[in-house]
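Copied over from TrEMBL, here are the features:
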ACT_SITE  B:R18  active site
ACT_SITE  B:N36  active site
DOMAIN    B:3-89  domain 'Acylphosphatase-like'
DOMAIN    B:196-381  domain 'YrdC-like'
Amino acid sequence: LAHGGGGSAMRDLIDEVFIETFKGTKGAPEDQARFDLAALMAQGDRLAFTTDGFVVDPLFFPGGDIGKLAVCGTINDLAVGGARPVALSCAVIIEEGLALDTLRAVARSMAETAGAAGVPIVTGDTKVVARGACDKLFITTTGIGVVRTGVEVGIARARPGDVVLVNGQLGDHGAAILNARGDLALESDIASDCAALHGLIDRLIDAAPGVRMMRDATRGGVAAVLNELAAASGVGVRLRESDTPIRADVQGFCEILGLDPLYLANEGKIVAVVPPEQEGAALQALRAHPLGGGAAAIGRITDTRPGRVVMETRFGGERIVDMLVGDQLPRIC
Amino acid sequence: MPSEEIIVRGIVQGVGFRPFVWRLAQRLGLDGEVSNRGDAVVIVASGPPPVLDAFAAALAAEAPPLARVESIERRAAPSFAGSGFIIAASAPGTVSVGIVADIATCPACRAEIADPAARRHRYAFTNCTDCGPRFSIVEGLPYDRAATTMRGFSLCAACRAEYADPADRRFHAQPIACPECGPRLWLEAGGEVIDGDPVEAAALRLRAGKILAIKGIGGFHIACDATSEASVAELRARKHRPTKPLAVMLRDPAMVEAFCVAGDAEIAALTHPSAPILLLRLRPESALAAAVAPGQNRLGVMLPYTPLHHQLMETVGRPLVMTSANRSGEPQIFRDEAARAGLAEIVDGLLTHDRPIARRLDDSVVQFAAGRPQVMRRGRGLAPAPRDLPAGFAPAPPVLALGGALKSAICLTIGGKALLSHHLGDLDEPATQDAFEQAIADYTVLFDHRPAAIAVDTHPDYPPSRFGAALAEARGLPLIAVQHHHAHIAAVMAERGWPLEGGPVIGIALDGLGFGEDGTIWGAEILLCDYRDSRRLARLRPIPLAGGDAANREPWRVLLAHLDVALGPEAVPDALFAGLPVATLRAMIARGLNAPLASSTGRLFDAMAALLGLAPPRLSFEGEAAMALQAVAEMAGDVPPYPFGRAPVGNLMEIDPAPMWRAACADLAAGCSLDSIARRFHAGVAESFADLALSLAAAQGARAIALSGGVCQNALLLEMLVARLEPSGRSLLLPGEVPANDGGLALGQAAVAAARLGVAPRGGR
Ligand SMILES: [Fe+3]
Ligand SMILES: [Mg+2]
Ligand SMILES: [Zn+2]
Ligand SMILES: [Zn+2]
């Protein structure tokens, strides 16, 4: 793709890629999508609205690509707020020189993911910028959804005694991206867990309507979510290493790289905090869903050490799972 | 008669100072009174002027051994109404730093517990004004029994009489006790108290190979027979401590000489009232179990320092392992409930007592390096010991410095003094972090410290840095971040009395890792420092630490990075890295994936240990590889140093280890002995840093060279450095009472912060 020169011809080409790909999800091309309020109000009592920018290197990786990530990420951001996603928009920034095939593949992936999720991409925009002004391809997606009546979730709502759940093995996405990026000479079939979680979350809310908090454990991993939760709720979090699901190959990968899987990004994992009496129902609902087979209760909310996340190690010791300011900088002197 | 008020400041409380004043006044026939007033001892004395002069002179000249008189202020007072000389009750007042450390049992008390006719025969809590617990029982100031954990024991008539008799050795001895009225000792096992003499029963069990917890001064120890391989192996298995050396208690100096190489200076250090653990060369033929200090040529040794220890060692008659009682990595246990709960799976019984410990105090650790004592851990017996800040710091604002993440300690500046806390542990465990935060509260309350600024390391993720930032924000105080190695050098400058306006010194920081000013990790630096600023002049050529902290635990990672640079990847022998993910590591380094650059001396030593096969693939404790390397190097005779390169890089000088690696690899391939390679390496490091430091000192006109950082605990390296630096005639500032490791950081941070806050130079600006 070329920037400038070709001007509107090029724009048309790009639009064509997206419009063709999104055919069936998008109605007549207008500058905005329009929603019937009555239909939305039938589904809940509040609107949810979110946006996120996606940059990832490489664009394609085991288990996904930037397009799938952009669709799932925004769907998940809506869902963890207790909303049923209604529609997405997308804005695409393309670096001059990106192969049309690459763009086509990303667009197709977005369309497929959105189609499978049942959440249409209803409007969008594309821009081509000069070489070096962006790195290959940036995508921003925005979504609206309707929050189910009665659902009240928030980062400050955790109470001592509550149970911390995850819907499966942690760190797969971060490990897959590093592995795909690094040419690390490791034999591994680690793949990103990238997935749209709104269906799973819907089942979770049905089973555990008292759910206090849900977050998708993306950047900074489960460690970042739990530290934010501990600070905002004024509680402690006590994790059990032996109950925390991590694939053996991800664990091994992390040991070699000197990384802690709790800090690795996930794109198909949530952290949910539920009151103790709903733990069983919540776990059952998660495990019954295809994206929750590996669900586990990994720890508990405590009133000791407020603001702090502590992990009980396999050997009976304890370690602090801190929020990191820098990258995982070495500390030993 | 003229009267005077005389105010004596310094370490004058808890050291028998008031009875000393009383005896002096009796001798000179003066009337008056003496009292503690929080920050000082205050005397009102009435008598002829020449006698008052003699009295004041004797106050300084004849002060008790543990006292340190820093100033004597005299002023006229209204004439004294009473007659005779009395010791008045303590008055509350401003709190000072005048509190002393715990003191090992004195000869008089030892004679007393051994004497079958004495009231305190075999009494485990015997003490007097010259000895006994102090800081470990203090809960508040002024130092009176009511402000100690002894307050629950009311004195019997006999003790009360001794306490009140100025001529008695126990006159106003706050922890005074006897079998009638003082703390009790017992042995418990399986939740039951064992009948009979607890020391006899404990000794019997220890001799039979059992493992016991023993409550001491600053916490519990875990003890077993140090001559029994089986007992030591069992203790290691139960404690999950595979190889880290264990400290040993020996009965007396004669037993020390039977097991270790110890001269007069070493015996003097062991028998000092602080009774530290001293690192001594182990006699190879000694009967000690090899598992006590596997692979080490040094052993941590201490002598009994309480009446309980003395009796136990007499009865057992063999060396005992005496290691801090804790679960792996956690702080030493010092409360009974925690001991019962936390040690149940480790020990076969508890030898304990009902005198509470006010705060945890680990045993201090000392070694001799370059012929001088060097404190490696400041704990029981050494803390608290306020020290004067150097000239120019007198009006220093009150600073609270929080130190580093490992071997943590805090420092308070109070007036012209710095109070470096006891060792607070490695802050990688939540229990230690809790204890660290409690210690901050403990010290600031005990010493009534209201900081004007908080000083921390520049590393953003050190727990004390985070804690300090939160504290500064909550209290609206300035937060002063001090670069790690500037703090190391400032600590030794402050310890050695380098004046505030003494001009810059050359600092050689030989360290593990510290956060650098350029975002990379430092640890082998030559700095030009004053207290306010430091400028990096030279460094060891940085290498990538593939895996970050993992490279600290796995020396082969560092070796690979060094050899790739020095030899080129094709020439690196595969055999050194059999079964290790070398290709992945190289890819990480090539892609900059979790491979931060570091110029670390500590890691250089680790890498050399790995080259020589002296480091396991994964270390089980910090310093394991470096200690093994030093032990091997010490076996060699004199050898020439390996060459290191030296070249300017930008505006820095860089010491390049590549020539050394090439020579060492060639020697290894040629079958040279490991000890000679290890020694040539030590000598090369010493030569390259010392020579560059000397030329930089000449170029910069620096009058002094300061050495610090954890690697300066390598006694062989330090000796070699001193030998090369000393002939230059420049002042050499070496760490002594302030640890060269991160345990000394807080003092350096405090000095830098005080200087930056603007201690006005004499005459103002
Ligand atoms: Fe350091
Ligand atoms: Mg997001
Ligand atoms: Zn005594
Ligand atoms: Zn008594």
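Every residue, even glycine, has its Cβ placed from backbone N, Cα and C.
Take the CB of B:R18 (active site) and look out to 10 A: across all protein chains shown you find 23 other CB atoms.
In the three-state DSSP scheme, B:R18 (active site) is classed as helix. Neighbours of B:N36 (active site), defined as other CB atoms within 10 A of its CB across all chains, total 27. According to its DSSP assignment, B:N36 (active site) is in a strand. On the backbone, the CA of B:R18 (active site) and the CA of B:N36 (active site) stand 8 Å apart.
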